[in-house]
Structures are given as C-alpha cells and as structure tokens.
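The compositional bias 'Polar residues' feature in TrEMBL is assigned to 426-438. TrEMBL lists 442-452 with the feature compositional bias 'Gly residues'. Residues or ranges marked as compositional bias 'Basic and acidic residues' in TrEMBL: 455-464. As annotated by TrEMBL, domain 'RING-type' applies to 326-375. Annotation source TrEMBL lists region 'Disordered' at 292-318, 392-464. The repeat 'ANK' annotation in TrEMBL covers 46-78, 79-111, 158-190, 195-227.
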Amino acid sequence: MGHGLSCSRDGDEHDFFRAAQAGDVDALDALLAADPALARRATIYDRLTALHVAAANGCLPAVDMLLARAVRPDVVDRRKRTPLMLAATHGHIDCALALLRAGANILMFDSVNARTCLHHAAYYGHADCLRAILAAARTTPVADSWGFVRFVNVRDEHGATPLHVAARQGRPECVHLLLESGAIVSAPTGSYGFPGSTALHLAARGGSLECVRELLAWGADRVHRDSAGRIAYSVAMKRGHGACAALLNPAAAEPMVWPSPLKFIGELGADARALLEAALAEANREREKKILKGTKYSDTSSPALTDAGAGDDGDEVDDQEDEEVCSICFEQACSIEVEDCGHRMCAACTLALCCHSKPNPATLTLQPPACPFCRSCISRLVVADSKAKAVAVPGAGDETEAEEKPASPRLSRRRSRRSREGSSSFKGLSSAMGSLSSKIGRGSGRLAGDGDGAFLDKLEHDLP
Ligand SMILES: [Zn+2]
Ligand SMILES: [Zn+2]
C-alpha cells in the first residue's frame, strides 16, 4: 500500500471509521464511550474525519451523533473539503441540513479548485442541497459580510461561478435556481472552459438544450463572444449539438425573457411565480417548435422542466367549470390578479404585458406596466384563485368586490380544462423537478471518480 503510515493506528480506530462508513450508530456510540478522542481523529492519508465519512455516505444518525459530541462542522480533510461539501457532492440533503443547522460555514474553499459547497452542489446537480445552501446564505453571517448575491456569484480559482459549472454539467434545475437567486447570466469565466466563456457557451459546449433554454429565458446574450471571438452558436455547431445551435442561432426568433428587472416580479409569491414561469416556458416552447420545425430536431421535446403541463393531456377530470375567462385573449382562464385594482387576466397575457418593453440596457430597469383595464400602475400580482388568495392575503378588503364584479364570460368545460394547464403547472413543475433531481441525484455523484464506490475504495486504502 502506498501510504503505509498506518501501522501505529489501533484497531479501535479502524472499527470507528468502519462504523461511521456503515452508519452503525450503536458501534460508534460504544467506541466513543471508550475513547471520546476518536471523534476528532482523521484517516491517515486523506485526513477524513468520521463526520466526513458519515456525511459522504448520507448517514444522518451518525452525523447527528458526532455533531452532538461537539465535533466542529467545519473540520477539513487533506483537500480542505468540509463535511458539508461532501454531503453536497453526494446529494445527501438531510446531512447537509443537519450540518447547516449546526452552523457549518458555507464560505469555505477547498484546495482542489478553490470551490465552495455551492459549486459542488451545482456541479453534481443536487438542487435540493443547492436550495438549502442558498437558504442558509440568506440568514447566516455570509449575507452580512459578503452579501447574498456576491455569494451566489462566488468564483473558483478558474473564475467559474456555480452557474458556470451547472451549465457546463447540464443541470437545468440548478441553473434555474441560481438565476432566480441573482446569478449574473452573462458573466464570463476566467480560464474555466474556454477562456471568457459565459454560461451560455458552456451549456452549448455540454449540449444541454434545457440549460440553453433556461439561460435564454433569463436574458443570456446570444451574440456574446468568448476570448477567441466565438459565440455560443459556433460552440454548439462545433460540438455537433444541432438543436442547441438552432436556438442559439442569432438569426432565430428572440426568446421571451423573464422580466426580472421589474420590482413586483421579484416579490411574487411562489404560486403566482410558478404560473408566470409556466407561461414563459409555454411561450418559448411555441417559439422553439417554430424554429425546429422541419429540421431533424423537431421531435426534440423537452422532457422535464419546461414541459410542465404537457403531461396533463390524459387528465380529463373537470371539477372547476366556472373559471373566469381572460378578457384579453378569450383563450385561457384568469389566473393572475393585479392586487392594486383587482383586475384579472391569464398568466400568458400578464407575462406578455410585463415583457412588452425591453429593459434599458444601461440601467437594466423596466418601466412597470399599467393594468390594461384601468391603466393604474401594477405594483403587485397575486394568484386570482379566491381561495388561494384568502390564504395568501388574509384580511384583504377587496375580496368581496372582486367576486361581485359584473358577470364575466364563463369557460366551457373544454376551456376550463385547457386553462388549468396553467393552474396545475405548479404541481407539474414541481413533480417534474422532483423526478429530474432524483434522476440526476442517483448517478451524478460518481462523475468525477469520487462516487460512493470510489469513495469506499479510497477509505479502504486509507485505513490501516
Ligand atoms: Zn389572456
Ligand atoms: Zn386594473
């Protein structure tokens, strides 16, 4: 064995790391009772502590037990990785949450590429871990000392942000979460990927159509050039990713862009946001169909994230017949309400209204749109469903008024079904996200030869 410094290690220590690896809490407990110092020991070569081993293997009871014995959550191994980084790498959300609750520092950098736990979660596509770390970043001292948005855009030693690595590895759900949290869509890397690449270049290189879609919908610039003067389109062409290239072609129709500069868009409730995001995905899917029509990629349907609602085709249950039809398009049900005046319209029309004007490129500000019915300035949008609204805004005074508005056209059964593609899309979206993350979650930890198998081998090698 190469790292043969192990002769002096005693049998108890060997048993201790074995127990941490196997999640044998009883054995851990007995060994720690006999020798409490074991909790802080590390393996000889990789300097992994039992907390690292338990976090990497997803053994929550062992993680809890070690933390309860005052093991520091931020202990580092030989490569300066924290247990939280290992939990994020392997997608063990419960262990990650336990470590975060114990005060794990999210702003530690490993010595491999100077990456943080946020990079690791994004790289391996563990959106649940990414979400938990982002939530912690909003409340921990990081938000005060660094600022939340700066943390979201933290760079590794090659200039790669979590968004860059997620785009390169084809992790659309992580790309989405990061963009939503303030990741700068057009930031170029340093030397990561090809010098000066943006996330769009990296998604084009990786051939992830879903990441390309996400980035375009957040305003990624198709004509941004990397240091070699290439736009993302040429990168996709060179790599043979034809469908990506078709969307990235600057000559193709412009995608609809999420109106993030609008203040009230940043303040949307989760349900209203999901409706508008689904409307955006739907609008862009239509555009995509036109672009790909007649090419060999025309069948490239989006399997998950942006395809929410498509799975509803077989769902014929009609339990809501009396939805109010949108008086702008007379197509879909009113799902969004302008809270200020109580006027309602469908998500697609609301979105079209918000995306109507382009942001001022210098200031990135948008003029807030006016309500198309009364011309009052929109400052807050909510879901039009009166039940949902009663929960979301208890005691809002205009509710009875809204319900007693002059009779609006009522939807036919068919219409009502069609329209609920919007309202059910939140469920569709989250279930699609769920299956996506579990799909990604399974295998992805193994990508860098650091998967469970390799991990165990290493440990085996490392132990006496
Ligand atoms: Zn409409
Ligand atoms: Zn109005």
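Yeah, the Cβs are placed from backbone N, Cα and C, and that goes for glycine too.
Source: prediction; values computed, not measured.
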Query raised in the report: Sequence-remote contacts (6 or more beyond its ends) of the repeat 'ANK' (79-111), Cβ cut-off under 8 Å?
Result: 46, 49, 51-52, 54-60, 63-64, 67, 73, 117-118, 120-121, 123-124, 126, 128-130, 132-133, 136-137, 140, 142, 146, 151, 154, 156, 441, 444-445, 450-452, 455
**Report entry** the domain 'RING-type' (326-375) [mean pLDDT, rounded to integer]
**Finding:** 85
Query raised in the report: Sequence-remote contacts (6 or more beyond its ends) of the repeat 'ANK' (46-78), Cβ cut-off under 8 Å?
Result: 16-17, 19-23, 25, 28-29, 32, 36, 38-40, 84, 86-87, 89-90, 92, 94-96, 98-99, 102-105, 108, 452, 455, 458-459, 462
Query raised in the report: Who are the chain neighbours of the repeat 'ANK' (158-190) in space, where the CB to CB distance is under 8 Å and they lie at least 6 residues beyond its ends?
Result: 113, 115-116, 118-119, 121-127, 130-131, 134, 148-149, 152, 196-200, 202-203, 205-208, 210-211, 213-215, 218-221, 224, 226, 304-305, 433, 436-437, 440, 444, 447
